[in-house]
Amino acid sequence: MVKHAVEANFDGLVGPTHNYAGLSWGNVASKSNVSSVSNPKEAALQGLAKMKRLADRGYVQGVLPPHERPHIPTLRALGFEGPDARVLEQAAKSSPSILAAVSSASPMWTANAATVSPSADTSDHRVHFTPANLSAKFHRSIEHAVTGRALKSIFADESYFAHHPALPSVSHFGDEGAANHTRLCAGYGEPGVELFVYGQMAFNEQAPAPKKYPARQTLEASQAVARLHGLRDQNAVFAQQNPDAIDGGVFHNDVIAVGNGNTLFYHEMAFLNEAQVLADIRERLTGAELEAVRVSSADVPLEDAVASYLFNSQLLNTPDGMLLAVPGECREVASVSRYLDGLVKSGGPITAVEVFDVKQSMRNGGGPACLRLRVVLNDDELKAINRGVLLTDELYERLTTWVEAHYRDELSQNELGDPMLLEEVRKALDELTGIMGLGSIYDFQL
Ligand SMILES: NCCC[C@H](NC(=O)CCC(=O)O)C(=O)O
């Protein structure tokens, strides 16, 4: 029996150490903004404003908490000793790059937090979660433990929710979560087709792979997640990302494609075997015809797609068609802005475009879609979650006040070793777990 279900979006609340450290080789924005001074307060408020606008429209909007940064336990695991202030001081002096990595606010990009399979697709009819190991980048590889704790705290009821540990943290099983996963379906409550997009095969050195930039996701990782989640062949399609796109700066599939309902919006360079991918989806999708909205390089060159993050948009149902929630940069790139004007007039499934300002995050290569994790929940499952994380007017007010009270409006690399910053972060996060009713999820609270 098909149950009524909604797509809930869980955005990552930007953490107090948001900064530009140039940590992500292959991510053009991260590298080109290295060492600029960031504004963590503005970043967090931009993220909250996006959540609020969508919640006001009636979308179910959740919040995932930032992580403790700088992460002292990681510094200790790497041999820095003594009281916390001494650990920081030593790391700042001898290994500023390591300190920058353990200080990144990268957990804000919750599209990379986990892969989520709705209960309509899974063999045991529970919602399955696998936190992404993010093993391609050291600064991100330390996220999955706390991510897993936060998800378990929010989706606690085991009769509805199943949690798996992250895959083994080696390059063979590099997993970037929902950024390389999108779901097509006739309705959210109906069985869907989960499209897993990988950058390369781990156990086949002859297979095509990018030459310049790393492929972060392997086929073997995607297959393991699908197995863990109990997806059958008719619920899963595996597609290789075009290696030339990765070499052009498309480090995740969600920089070049986004799906919702029966619609896949993508650039012609997204997939290695475009025709096969579409055929595989069409063969499995039941109850609806696939709407493939293909953007050509002639209309939007790959570099403009990367510069504007056109595809890193949220594609959302409205009563009359779909809304594409795009980053502001899309209106600054002429080809993209022109394309969007034509898109809404084309008579296709996308009927509205709206601009969201998430510039602080964009400068690190994270657009509206990177900032959210989609969790499809039926009515019973939605009732079973920790409701303290759902964005109401009251929670928005509380979080805004909390950000205003605790966040700095300027942060540069050489401040990351400041013991005061660590104290500020811990005080803020301790208060936050109270506000959101999360219990103890941080190492400093355990
Ligand atoms: N889904 C968007 C992820 C963006 C993220 N950027 C970063 O980690 C940049 C951090 C820095 O360079 O300071 C990444 O590349 O994984």
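Each Cβ is built from the backbone N, Cα and C atoms, and glycine gets one as well.
Residues within less than 8 Å, Cβ to Cβ, of Glu176 (active site) and separated from it by at least 6 positions along the same chain comprise Asn112, Ala132, Leu134, Ala136, Arg216, Gln217, His252. Per TrEMBL, active site is recorded for Glu176 (among others).
A coil conformation is recorded for His252 (active site) in the three-state DSSP classification, outside any helix or strand. Among the features that TrEMBL reports, active site is placed at His252 (among others).
Annotated active site, nucleophile per TrEMBL: Cys370, in sequence order. Listed in sequence order, Trp109, Thr110, Ala111, Asn112, Ala179, His252, Asp254, Asn312, Ser361 are the same-chain residues at least 6 apart in sequence whose CB falls under 8 Å from the CB of Cys370 (active site, nucleophile). According to DSSP, Cys370 (active site, nucleophile) sits in a coil region rather than a helix or strand.
Within 10 Å of the Cβ of Asp254 (substrate binding site) there are 27 other Cβ atoms, across all protein chains. The substrate binding site annotation in TrEMBL covers 21-30, Asn112, 139-140, Arg216, Asp254, Asn364.
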Would you mind sorting out which recorded positions among Leu23, Trp25, Ala29, Glu176 put a C-beta under 6 angstroms from ligand 1?
Leu23
Taking every protein chain shown into account, which of the binding-site residues Ala21, Leu23, Ala29 has the largest tally of Cβ atoms within 10 Å of its Cβ?
Ala21
